[in-house]
Amino acid sequence: MSTEHKQSLSAVTLAAIGVVYGDIGTSPLYTLRECFSGHYGFDVRPDVVFGFLSLIFWMLILVVSVKYLTYVMRADNAGEGGILTLMSLAGRNTSSRATSILVVLGLIGGSFFYGEVVITPAISVMSAIEGLEIAAPALDPYIVPCSIAVLTLLFVIQKHGTGSVGKLFAPVMLVWFLTLALLGLRSIIANPEVLAALNPKWAISFFVEYKSVSFFALGAVVLAITGVEALYADMGHFGKFPIRLAWFTVVLPSLVLNYFGQGALLLKNPEAIKNPFFLLAPDWALIPLLILATLATVIASQAVISGVFSLTRQAVRLGYLPPMRIIHTSEMESGQIYIPVINWTLYLAVVLVIIGFERSSNLAAAYGIAVTGTMVITSILFCTVAWKNWHWNRFLVAFLLMVLLIIDIPMFSANVLKLFSGGWLPLSLGLVMFIIMTTWKSERFSLLRRMHEHSNSLEAMIASLEKSPPVRVPGTAVYMSRAMNVIPFALLHNLKHNKVLHERVVLLTMRTDDVPYVHNVERVTIEQLSPTFWRVVARYGWRETPNVAEIFHRCGLEGLSCQMMETSFFMSHESLILTKRPWHLFLRGKLFIALSRNALRAPDQFEIPPNRVIELGTQVEI
C-alpha cells in the first residue's frame, strides 16, 4: 500500500469518525442511566448491571457489527446507501404490487427518520448540559435555556455551511472517543470483574430472571444503538471500508470500555446512577468533560441535520416531496447543502420538544421507536434485495430474515409499549411526513395523468405545424415538458392565444435517474424531430441539482447552440380546482393544493433568469 493511499485512508477514516458516529457515539451520556430509571423498577444490583452491560455489548455486536456493517452495507446504489436507496433497489425486480408495498415500507422508514431527527439534537445536547448538575447543582434551572441557546446557534449557522468548522469535527470526535475509552478503562481497572458481562450468559440470565420486565427494559437498551442508520446512509460520502475500519478500531472499543466503566462504577457506588457518565470523571475534569460532551453532541446534531437535508433532497428529486429551495453551501463539496424550510421547521420542533420534555430522561422514552421501526423495515428491504437482485437462495434469505427479525421485532415491540410516555412524538411526526410524501406523489401522478389524458400525438402536431406553419418569430423557444411524447400545455396555450411560434422550438424534459450521479457524457440527449423542432432530454441523479445553463452548455457541445439571454422559456402554471370527493380524499386534495402553492417554481428550480420566462396559466380539476 502506497504512503499516499495510507494517508488518504487515514483521512477518510478520521472524517467518518467525525460525521458517521456522532449519534451512536454520544449514547453513553444517557443509555445506562435510563436502563435503571424508575420506569422499569430495577435496583442497581450486580446481576442487573451485568445483564444490561451484556445486552448492550451484544447489541453493538449483532446489530451494528453484523447486521449493518457486514450485511446491509452490501446493498448500495453506485456506492450510495440510505433507506430510500434500499427501497429503490428492492423494487427493481419485483411485481408491481410487491413494489408498491416496498415503496410504502421505504416511505415509512424515511418518515421515521424525520421523527427521529427532531429528538436527536434535543436529547443529545440536553444530556450533555445536564452535566451542570454534577459540576454546579445551582445551575440546574439553566439547563433548558442553555440547551436552546446552543441549538439556536447551530441552526443559525447552517445557512453559512459547515465547511470551515467541519474540519474540526473529526479531531473533536476522535478526542471524544479517546476520552470515553480512558474514562471507562480507569474505572474497569479499579473493578475488573465487570468484564464478566462480556459473556452472553448474563444477558440470557437477565431475561430468565426478570422475564416480562426485562422485555420492557429493551426499550432502554436500544438507546445504545440509536444512530446506527447513519452508517448506511453516509456510505456514499466515505465508503464502506473507512466506515468499517473506524468502527472496529476506534468507535466500538471506546463505547464498550465506557459502558463497562460505567458498570464498574455502579458496582462500586450504586448512588452514581444519577449520572454515571459524568461521575466517571475526577472532579477536576468535570468542566472540561462538560465542554467536550457539549461539542460532541453539537457535532452529532449537525450530522443528523445534514442527513435530513440529504434525505429531503433525495425525496424531492424522486418526486416524493414538492420542490423547495436548496442552497449549496460549498463550491467544492456537492453534498453540503442547506434547505431553509427544513432547517427552521426542524429548529422550531426541537425547541418545542426541549421546552415540553424539560429533561433528557423524559425524552428518552420517545427515543427508540423510530430507530427500531426503521431497523425492521431495513431488514425486510435488505432481504428482498438479496433474494430478487442478488439471487441468494430463498431458504437462506428466509433464515436470515428470521434471524434479523428475532432481534429487531422484540426491540420495536418494547419501544411501542412506550407509546403514551413519549413514543407518540416520533410516530406523530413520522405520520405527518408519510401523509405529505404519499399525498404529493399520488396526487401529482393523478394530476399529470389528467392533464395528458386528452393530449394529441406530439409527432402528429409537429407534422401539422410544419405543413401549415403559424406566424414564425425570430429566436428560440424552450418548452418544459414533463413527459417526452406529450405536447406541453404551454405550447398548446401559446398557439391558442398568441397564434405564433418561434423559428426554433426546443422541448426540454428533465429526468431523474435512479442513481446518485449521471456522468456528464450522458447528461444530454438531443433528437431533431423536424426542421424546427428539437427534443432535449436532460438526465440527473438524485444527488444532483438540474441547471439549465449546464444543459445549454452540453447542447452546444452536441451541436445545438442556445444562448440563455436570447431564449424564451415557456412554462405552464396550473391553477388547481378541487372536484367533489369523499371527505378523506377531499382533505388530501386540500393538502396537495397547499403544497403546490408553496412549492418552488420551475424557473427557480432550474436557475432560469426571471426575465426570460413566460408562464401561461391553465385550470385543472383534480
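Cβ from N, Cα, C; glycine included.
Per Swiss-Prot, the feature transmembrane segment maps to 9-29, 46-66, 101-121, 137-157, 165-185, 213-233, 247-267, 276-296, 337-357, 363-383, 395-415, 416-436; the stated evidence is sequence analysis.
The listed stretches are 9-29, 101-121, 337-357; of these, 101-121 has the most Cβ pairs under 8 Å to the transmembrane segment (416-436). Long-range contacts of the transmembrane segment (363-383) within its own chain (CB-CB distance under 8 A, at least 6 residues past either end) are made by residues 30, 34, 37, 39, 63, 67, 71-72, 75, 83, 86-87, 89-90, 102, 105-106, 108-109, 112-113, 115-116, 119-120, 122-123, 126, 219-220, 222-223, 225-229, 232, 353, 357, 397, 400-401, 404-405, 408-409, 411-412, 414-416, 418-419, 421-427, 430. Contact between the transmembrane segment (337-357) and the transmembrane segment (247-267) is not supported: fewer than 3 Cβ pairs lie under 8 Å, counting only residues 6 or more apart in sequence. Long-range contacts of the transmembrane segment (276-296) within the same chain, counting only residues at least 6 positions beyond its ends with a Cβ under 8 Å from a Cβ of the stretch, are 22, 25-26, 28-30, 32-33, 125, 127-129, 131-132, 134-135, 150, 172-173, 175-176, 179, 183-184, 186-187, 258, 261-262, 265-266, 269.
Across the candidate stretches 9-29, 137-157, 165-185, 395-415, the maximum count of CB pairs under 8 A to the transmembrane segment (247-267) is reached by 165-185. The list of residues near the transmembrane segment (9-29) in space but at least 6 beyond its ends in sequence, with Cβ under 8 angstroms from a Cβ of it, reads 64, 120, 124, 127-128, 166, 169-174, 176-177, 180, 223-228, 230-231, 234, 237-239, 241-243, 245-247, 249-251, 254-255, 258-259, 262, 277, 293, 296-297, 299-304, 306, 360. Sequence-remote contacts of a segment are chain residues at least 6 beyond its ends whose Cβ falls under 8 Å from one of its Cβ atoms, and for the transmembrane segment (395-415) they are 62-63, 67, 71, 215-219, 221-222, 368-369, 371-373, 375-376, 379-380, 382-383, 386-387, 423.
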